[in-house]
Amino acid sequence: MDVVFALGGSVLMPKEGASTENIQNYAEAFKKLKEMGHRVSVVVGGGNTARQYISVAREFTNESFCDEIGILATRMNSMLLISALGKDAVKHVPENFKDAELILNMDKILVMGGTHPAHTTDAVSATLAEFIDADLLVIATNVDGVYDKDPRCNEDAVKLDKINTKELLEITGSASMSAGSSGVVDPLASKIIDRAKLKTIVVKGIPEEILASVTENHNGTTITP
C-alpha cells in the first residue's frame, strides 16, 4: 500500500526538545512499515521549533516571511528523521513533488517538509498523496482523532470515529491559517482531501498508532470520500 504520513512536528519534537529515543522510535515504526511492503512517505511539521522562531520573527516581519521560517524548521526536523532512518532514506529533503517521487522510485522512505508559504505540512501531505496516487493519507498529530469541536478548549467535545470529507470541511472551515498554526486538520488540507477523494486517517502521533493506521485497528478517526 502507498501511504503518506503527515507527522506533526510537535510529536517528533515536543516542547522538551529533541530526544534521541523519541526520534528513533518513529524511525523504527516507518522502517517496519517499509519491511511490511508499504511504500512510505513522511511529511514532517515544524512544531515547536517553528513556533518559537515565528513568535520572535512576527515582531519584525509579515506572515509570508514567517511562513518561510516555518518551512525551514520543517526541513530541519525532516533531516533529524532522515538521519535516524539511515540507509532506508536518502540524505536529502526534496522541495517539490517531482524530486520526492524520484526518492520513492529508489525504494527509499521519502521524508520532506514544507514547500510553499501559506501551505501547512498537512496540506503538503494531502497534495503529495494526490500527486503520487497514494492509497492512504495518515495525519499523526497531538490529538487522537477528529472531534466535533476543539477538545483542547471544550470539555464536552466528542471524538468522531468515522466521518466523510464533507463533514470534515464543515468542522475545519473556520480554523486559523496564520504561520505556525496547528489545528488537527487545516482548512486547505481538508479541501485537498475532499477534492482528491483521499481516504484519510487521523491518529494520535505515537509509533503504535502509526503502525496500526494501515489496519483497521487504530483508535483514531477514519475520513472517507
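Note: Cβ is positioned from N, Cα and C throughout, glycine not excepted.
What Swiss-Prot records for GLY9, SER10, GLY47, ARG51, THR141, ASN142, TYR147, ASP150 is ATP binding site, and it gives sequence analysis as the kind of evidence. The UMP binding site annotation in Swiss-Prot covers GLY46, ASP67, THR115, HIS116, PRO117, ALA118, HIS119, THR120, THR121.
Overlay of Swiss-Prot annotations on the structure.
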| residue | record | Cβ within 10 Å |
| --- | --- | --- |
| GLY9 | ATP binding site | 28 |
| SER10 | ATP binding site | 19 |
| GLY46 | UMP binding site | 33 |
| GLY47 | ATP binding site | 25 |
| THR115 | UMP binding site | 20 |
| PRO117 | UMP binding site | 15 |
| HIS119 | UMP binding site | 20 |
| THR121 | UMP binding site | 31 |
| ASN142 | ATP binding site | 16 |
| ASP150 | ATP binding site | 13 |
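Checking each of the binding-site residues (GLY9, ARG51, ASN142, TYR147, ASP150) against THR121 (UMP binding site), the C-alpha distance stays within 10 Å for GLY9.
In the three-state DSSP scheme, SER10 (ATP binding site) falls into the helix class. Among the binding-site residues GLY9, SER10, ASN142, ASP150, the ones whose Cα sits within 10 Å of the Cα of GLY46 (UMP binding site) are GLY9, SER10, in sequence order. Here the C-alpha separation of HIS119 (UMP binding site) and THR141 (ATP binding site) works out to 17 Å. Cβ-based neighbour count (10 Å, all protein chains) for ARG51 (ATP binding site) stands at 19. Other residues of the chain with a Cβ within 8 Å of the Cβ centroid of GLY46, ASP67, THR115, HIS116, PRO117, ALA118, HIS119, THR120, THR121, the UMP site, are GLY70, ILE71, THR74, GLY114, ALA123, VAL124. Other Cβ atoms within 10 Å of the Cβ of THR141 (ATP binding site) number 24 in total over all chains.
Cα separation, SER10 (ATP binding site) to THR115 (UMP binding site), rounded: 18 Å.
Its Cβ placed at the centre, TYR147 (ATP binding site) has 19 other Cβ atoms within 10 Å.
In the three-state DSSP reading, GLY47 (ATP binding site) counts as helix.
Put simply, PRO117 (UMP binding site) is 23 Å from ASN142 (ATP binding site) when counted between their Cα atoms.
Of all residue pairs in the ATP-binding list (GLY9, SER10, GLY47, ARG51, THR141, ASN142, TYR147, ASP150), the one with the greatest Cα separation is 24 Å apart.
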